[in-house]
Amino acid sequence: MSNDSSITHFHLLAFAYTREMQLLHFCLFLGIYLAALLGNGLIITAIACDHHLHTPMYFFLLNLSLLDLGAISTTLPKSMASSLWDNRDISYEGCAGQVFFFSFLMSGELYLLTVMAYDRYIAICKPLHYRTLLNSRACAKLAAAAWGSGFLHALLHTANTFSLPLCQGNAINQFFCEIPQILKLSCSDSFLRQAAVLMVGVFVDFGCFLFILFSYVQIFRAVLRTPSEQGRHKAFSTCLPHLAVVSLFASTGMFAYLKPPSISSPSLELLMAVLYSVVPPTLNPLIYSLRNKELKDAIRNMI
């Protein structure tokens with residue numbers, strides 16, 4: 001991916017300019033990063049080591065934790081290093097790599113969340129067909145499709161973004177290399193083509209979100225018809241937090257990529273980026289493990 005411009009590096013956004021605030025930012029992000037590493041690492045290890053958890057639901061959860069670990073490791077370490085050493089530069093190749101891996105992992109996560117919603121829909125609404133529709137081969141194909149779709153999504157958007165001639169400087173108004181911020185540096189004649197490709201990807205992601213929403217609506221309808229109050233409480237207490245995290249992830253991500261320039265501001269863009277890139281990978285282990293007795297027992301036995 002060559003660029004017609006002479007840019008060899010970019011300047012990322014600084015969270016703070018005083019040394020004390022830079023160290024505070026470093027410590028805050030370090031705590032968040034370690035929490036994400038610990039939570040997702042425990043889930044991966046527990047599912048891999050406990051044969052009782054070798055079921056479709058936990059297989060998809062293991063893949064989700066892998067994607068979360070990769071996504072948060074793509075952005076936070078570089079931002080922490082920038083604050084610790086007061087150096088906001090990132091090379092052109094490093095920025096392209098960050099865009100590719102972040103797009104790959106976050107897109108793969110949305111596609112996998114779509115698969116997980118389908119898994120819960122079959123388990124609750126069509127339990128008699130569960131083992132037939134979601135056998136080991138079907139699960140492997142669905143997981144591979146999520147990872148493969150994320151890879152193709154990232155390859156397309158990274159290649160399109162970094163084929164642009166950049167003529168608006170090299171300052172990226174974000175703490176990591178984000179596609180909308182790089183598009184702001186492009187020349188106007190290429191911007192429309194790139195923005196059109198970006199919007200197609202966003203609308204595909206919006207379709208995934210609608211499918212997730214539809215699946216949970218069907219799940220809630222099925223749960224409300226069950227006579228057991230305990231069963232309804234268990235289903236709602238499990239599904240509602242999942243839907244809340246998915247909604248936060250999808251809505252903030254789409255807002256970051258589709259917001260009109262008239263309401264754009266550095267603080268708002270920073271907040272949206274943190275909400276869709278940092279919060280879900282950190283909260284997913286809590287959402288998917290604290291309300292799951294089998295997983296908590298497996299982690300407790302492992303420890």
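From the backbone N, Cα and C atoms, a Cβ is placed for every residue, glycine too.
Curation does not apply to TrEMBL; its annotations are automatic.
What TrEMBL says about this one:
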{"type": "TRANSMEM", "residues": "23-45", "note": "transmembrane segment"}
{"type": "DOMAIN", "residues": "39-288", "note": "domain 'G-protein coupled receptors family 1 profile'"}
{"type": "TRANSMEM", "residues": "57-76", "note": "transmembrane segment"}
{"type": "TRANSMEM", "residues": "96-118", "note": "transmembrane segment"}
{"type": "TRANSMEM", "residues": "138-156", "note": "transmembrane segment"}
{"type": "TRANSMEM", "residues": "195-217", "note": "transmembrane segment"}
{"type": "TRANSMEM", "residues": "238-258", "note": "transmembrane segment"}
{"type": "TRANSMEM", "residues": "270-290", "note": "transmembrane segment"}
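Beyond the ends of the transmembrane segment (270-290), by six or more residues, the same chain brings 13, 15, 32, 35-36, 39-40, 42-43, 61, 64-65, 68-69, 71-72, 75-76, 102, 106, 109, 174-176, 178, 241-242, 245, 248-249, 252-253, 255-256, 259, 296, 299 to within a C-beta distance below 8 angstroms of the stretch. Taken together, the residues in the domain 'G-protein coupled receptors family 1 profile' (39-288) have a mean pLDDT of 85 on the 0 to 100 scale. Stretch with the largest number of CB pairs closer than 8 A to the transmembrane segment (195-217), among 23-45, 57-76, 238-258: 238-258.
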